[in-house]
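Asker: Sharing a structure below in structure tokens format, with a few things to ask.
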Amino acid sequence: MYVRRLELVDFRSYERVGVDLEPGANVLVGHNGVGKTNLIEALGYVATLDSHRVATDAPLVRMGAGAAVIRCAVVHEGRELLIELEIVPGRANRARLGRSPARRARDVLGALRLVLFAPEDLELVRGDPAERRRYLDDLLVLRQPRYAGVRADYERVVRQRNALLRTAYLARKTGGTRGGDLSTLAVWDDHLARHGAELLAGRLDLVAALAPHVTRAYDAVAAGTGAAGIAYRPSVELPTPTTDRADLTAALSAALAAGRSAEIERGTTLVGPHRDDLTLTLGPLPAKGYASHGESWSLALALRLAGYDLLRVDGIEPVLVLDDVFAELDTGRRDRLAQLVGDASQLLVTCAVEEDVPARLRGARFVVRGGEVHRA
């Protein structure tokens, strides 16, 4: 799989830009702040319907414009597909696949499989659990796009349940009775347990498959500085390691029943996959709080490379993007990383200094300057 062409209209700093890319290595060179990352952010958005830099869509639209448009032509197994996304802040995005409008924007998920590593990924190691949950869910959707619907359904249930709990909490706090009716809470408990079990099962399966790839990728990048490991940490007690939906539903239902008083007291849902975490370790120690900057960087990179390797094992050849990675690595780690990714079906690398990129990865070269992209 590779992206043949990318076009942006009113996306970030670009009023209008187009670039024809090549299979294999593509290097985007330019000073910091000229818009290199905006280009790969757009591709990442097509792959995940999410930005790796901001939490909302509004910053993606160029100042003064009403909407942004991303178009990319993706070639997979000899066939080309045009994907178009229109981003309108405050409204549902619109999408097209080929010549046909998509019923929902998320219908484009799976059309472009892409793994992106960026400096922000240091938060996978040092940041809050939400960063690691997002990492798992994005990879889960890349492997099996149907999980986009599972995640959306679960998040909708949590929002509805939180609204009910919040209303009841405020009613009790003010001494009133209006809005304090929790008669429908059991219904939302059932929905949360069912949808949560589906999402939890997917994550557990994913982590089991991903773990050996993380260990190998970290060893390949960091070369003997210790063994990396991952483990899923659910917010509910599971009697035995299981991905059986019925068992997980029962465990979530029991946890919801046991925690109901605390949830009513706090006015929010305290149980479910949205409270889970992915534990990262280096040797016997948790990476968060103990890993050095270099170790944290290498571990974050290993998480992305592990996802990339897992997709390839699944028979998917994703596009791999490395945003400003090589400047953070010493010569040895640069060379080892180049060996790991040199055979990617398509590799996009951004850099401020071209000499930071190992020679074996210097394929098609593009210069980014002044809102324009030119083939060098």
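Cβ coordinates come from backbone N, Cα and C, glycine included.
These numbers come from a predicted model, not from an experiment.
Quick paste from Swiss-Prot:
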{"type": "BINDING", "residues": "GLY30, HIS31, ASN32, GLY33, VAL34, GLY35, LYS36, THR37", "note": "ATP binding site"}
Asker: Please compare the binding-site residues HIS31, LYS36 by how many other CB atoms fall within 10 Å of each one's CB, and tell me which has the fewest.
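Answerer: Among the binding-site residues HIS31, LYS36, the sparsest Cβ neighbourhood within 10 Å belongs to HIS31.
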Asker: I'd like to know which of these binding-site residues, GLY30, GLY33, GLY35, is least surrounded, judged by other CB atoms within 10 A.
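Answerer: Each of the binding-site residues GLY30, GLY33, GLY35 was scored by Cβ atoms within 10 Å; lowest is GLY33.
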Asker: Give the residue from the binding-site residues ASN32, THR37 that has the most other Cβ atoms within 10 Å of its Cβ, counting over every protein chain displayed.
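Answerer: Counting Cβ neighbours within 10 Å, the top one is THR37.
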Asker: Determine which residues of the same chain, besides GLY30, HIS31, ASN32, GLY33, VAL34, GLY35, LYS36, THR37, have their CB within 8 A of the center of the CB atoms at the recorded ATP site, and list them by sequence.
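Answerer: These residues sit around the ATP site: THR350, ALA352, VAL368.
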Asker: Which residues of the same chain, at least 6 positions away in sequence, have a Cβ lying under 8 Å from the Cβ of VAL34 (ATP binding site)?
Answerer: VAL368, ARG369, GLY370
